[in-house]
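Contents: one structure, followed by commentary.
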Amino acid sequence: MSEASNQPRSTFYNNARTSIGSNLSRQRTLSSSSIDPYEDPVLGLERVSQSQTIRRRPRRSENPEAADGRSELEEDHALSSKFESLNYEICENQLYRDAEFKSGHQLNLKRIQLNRWIACFLIGIFTALAGVVIDILVSTSANFKFNYVLQTLVDKCDDGEAIAGGGCMWLVQLAWMAYNCSMVFIAACLVIFWAPIAAGSGIPQIKCFLNGIHIPEVVHLKTLVVKVFGVSAAVAGGLCAGKEGPMIHSGGAIGAGISQGKLHKKLDPGFFREFRNDREKRDFVSAGAAAGVAAAFGAPIGGVLFAIEEGASFWNQALTWRMFFSAMIASFTLNATLTYYFKQDGLLSWNGLANFGVFEDKKYTIWEIPLFLLIGVIGGCTGALFNSLNYRISEFRKKFVSNKWQRLMEALLVAAVSAFTGFVTLFVVDDCVPLGLGENRTEGLNRLYCKKGEYSAVANLFFANPEESVKSLLHSPIGSFKPTTLLIFAIEYFVLSVWTFGLAVPSGVFIPALLTGAAWGRLFGLGVEWLFPNVAGMDPGKYALMGAAAQLGGVVRMTISLTAILLEATKDMTFGLPIMLVLMMAKWVGDFLSDGLYDLCIELSEVPLLGWNAPKMARNITAGTVMRSDILAMEKRVRVGRVMEYLTATSHHAFPVVDRIDESDISRLPDYGRLEGYILRTQLVALLKKRAYRHEWEEDLVGKMMSEQDFIEIDSDEVLPEVGDEDENAWMDLSPYMHPHPHRVPLNASLPFIYRLFRGLGLRYLMVVNEDNRLRGIITRKDVARFRNTKGFALRELYITDHQY
């Protein structure tokens, strides 16, 4: 193609340039290729579920002030346009293929394979060290709080009036609340003012990342630092929060950081450069998540199953083996380090951050199976209630607690209320039992309201380490807790957990759910013992274990991985069958009533997640309806000025490459020719930075001017290089760099078929062509994700909006 051959189309290009440059002010036009006739893919899609509601439904991207009116609409949901997909597909361009002809390529492949194992080994080591730091910080804070803050005040109270009297009791309570609030203040400030993405457990964000969605800063170094120190402060501050969920997020961040071989752009020693792409990074984040579970629960097998069930959307046998290797290294390293710290050198049977102990009485009979199933039903109901209440609170936060100082004050309020609730319960509920009956973990608090030689069972639940409280409920002998104590504690801890999850602090839901379920499960066991007093072998501890499993399963809807985690945490396979049955029942009942907690968090964040299954009742929705027809394409040989226009006027991350572009006689859109590939925005930026173009037309124009290394770590958001007027007319040859065989579907391909392609192959783009292979549109993740099923498999179509609360 010569320069002269482009002259007849100069009028079209000038018109296109004017159209692109003014796209922010142009009016919407009707489109016949979508359920929503008002879509404008160049500006950001805006879609509604039914055409008859277009006029009465608020347009959030056009009128953000009208967004509050959407609360009146039942099915008004949105997807955020700020989330982009990750590039999991390998760009098999000419540079990629030529690499196989280079000498030493096979040796290089072996080196890369060895580096994968080295990286997984380091991921296990550093994930375990992060867990060690968290555990030591929480333990040190607890010792300081009990031995210095609380013990000093209690000793002073013993010298004066009755401890249960007014002034002294309030002094102890105020000191406890002040310490807790100071710890939560640190955790909240780290999140609010430095790394907001570190709030919560982080599991929904890691799940989205592994699904193929780029969540900004989700695996950055500062996120890891805030996660480790923030969750330590939050747990030390007495919140109803666990450190196990944040450990999974921390493991994922460590996996991402180690695999990229650098801490920051300015601190780059150059390690593992071959892994600096989204595909490799995804696999190492999966290994980090598995290592995080292994470090948290001492459950390497459970960690692998968790990464497969909840995290990794794409895996293979080799990846599974590397995940297990990282998990085993993490578990071994954490055990070896903590046993040294706690002066039990060589005791490698240490059980991670959550030690649930070993059951001595392992008997259960067949007639107890229906009771276990009933516990599963209760867990499914209470889990669904937890999720529904937390979702409503999170919606309220999203609308009305968006200010940084409001979020900080809410965190401090929850910390104060949690401490106050524990002290009030300790004062109101009289549950003092002899020291020999159960384990006493609160030497100072038991003296506030109990006689000498006794301790408060309420204090043993509210003020001990949450993991120790779970262990106490599972293994304390009969009579250690009164039914009233268990009932009041379960209700209060349930409410506080609902309120706490979603605060602007790093916090997990695993331990709070396990503790709540263990409390009402033990109460259930006491009820069974009361109903059948003559049955031997009744142990409320095993019912506490089933209740803990049911509550957590009802909240997070995990089955296989949670079964393995609980079995490894308790070091016994005896209860494998009842735990599995309880979790299955809790999931079935919970799914009937509501979605899982992590799915609700993702929905509230408006993330375009692709689930395991395609939408039902969608076979009559075809690619012609789903696709974006208003696209911008390029030819293989293009002017630099044309490239700069496209990159400056749009935020598109990829551009189809066709054999020719003509002006259409029947549409304002160009008439694109046959599809030959696509070129990424990052590749175009790299070509411009390296000035990979020529002013005179040549065959094999710039095919040898770039290498694979030149395209590593180019950010699509980087500032475009300055291009002089004389360079705008230079030629750029895209054929050596474009992806020459993109996935494509015909116009009549069904939505379920398209969905399976995106979900199974991890696609970011899918081209739509007619029977002559002429480009007609492009489909992205958001175009597919906006189709959702409601109850009864009714199909709805969501917004895609730029508006953020």
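Keep in mind that glycine also has a Cβ here, set from the backbone N, Cα and C atoms.
Look at TrEMBL and you will find 1-76 tagged as region 'Disordered'.
For 60-76, the entry in TrEMBL reads compositional bias 'Basic and acidic residues'.
Summarising the annotation, TrEMBL assigns transmembrane segment to 117-138 (among others).
Annotation source TrEMBL lists transmembrane segment at 176-197 (among others).
The transmembrane segment feature in TrEMBL is assigned to 284-308 (among others).
Look at TrEMBL and you will find 320-342 (among others) tagged as transmembrane segment.
The transmembrane segment annotation in TrEMBL covers 371-391 (among others).
Among the features that TrEMBL reports, transmembrane segment is placed at 411-429 (among others). Distant neighbours of the transmembrane segment (411-429): 164, 169, 172-173, 176-177, 180-181, 183-185, 187-188, 237-240, 445, 448-449, 456, 458-459, 462-463, 482, 484-485, 488-489, 492, 496, 499-500, 503-505; these residues of the same chain sit at least 6 beyond its ends, with a Cβ under 8 Å from one of its Cβ atoms.
What TrEMBL records for 486-504 (among others) is transmembrane segment.
Residues of the same chain lying 6 or more positions beyond the ends of the transmembrane segment (510-532) and with a Cβ under 8 Å from any Cβ of it are 201, 240-245, 296, 354, 371, 375, 378-379, 382-383, 386, 461, 466-467, 469-470, 473-474, 478, 481, 483, 486-487, 489-490, 493-494, 497, 500-501, 538-552, 555-556. For 510-532 (among others), the entry in TrEMBL reads transmembrane segment.
Through the fold, the transmembrane segment (544-567) approaches residues 293, 297, 299, 301-303, 305-306, 308-310, 356, 359, 372, 375-376, 378-384, 386-387, 470, 473-474, 509-510, 513-522, 524-525, 573, 575-576, 578-580, 582-587, 589-591, 596-599 of its own chain, all at least 6 residues removed from its boundaries and within a Cβ separation under 8 Å. Residues or ranges marked as transmembrane segment by TrEMBL: 544-567 (among others).
Sequence annotations record features per position, and here TrEMBL assigns domain 'CBS' to 738-795.
Stretch with the most C-beta contacts under 8 angstroms to the transmembrane segment (117-138), considering only 176-197, 320-342, 371-391, 486-504: 320-342. Mean pLDDT, taken over the domain 'CBS' (738-795), works out to 90 on the 0 to 100 scale.
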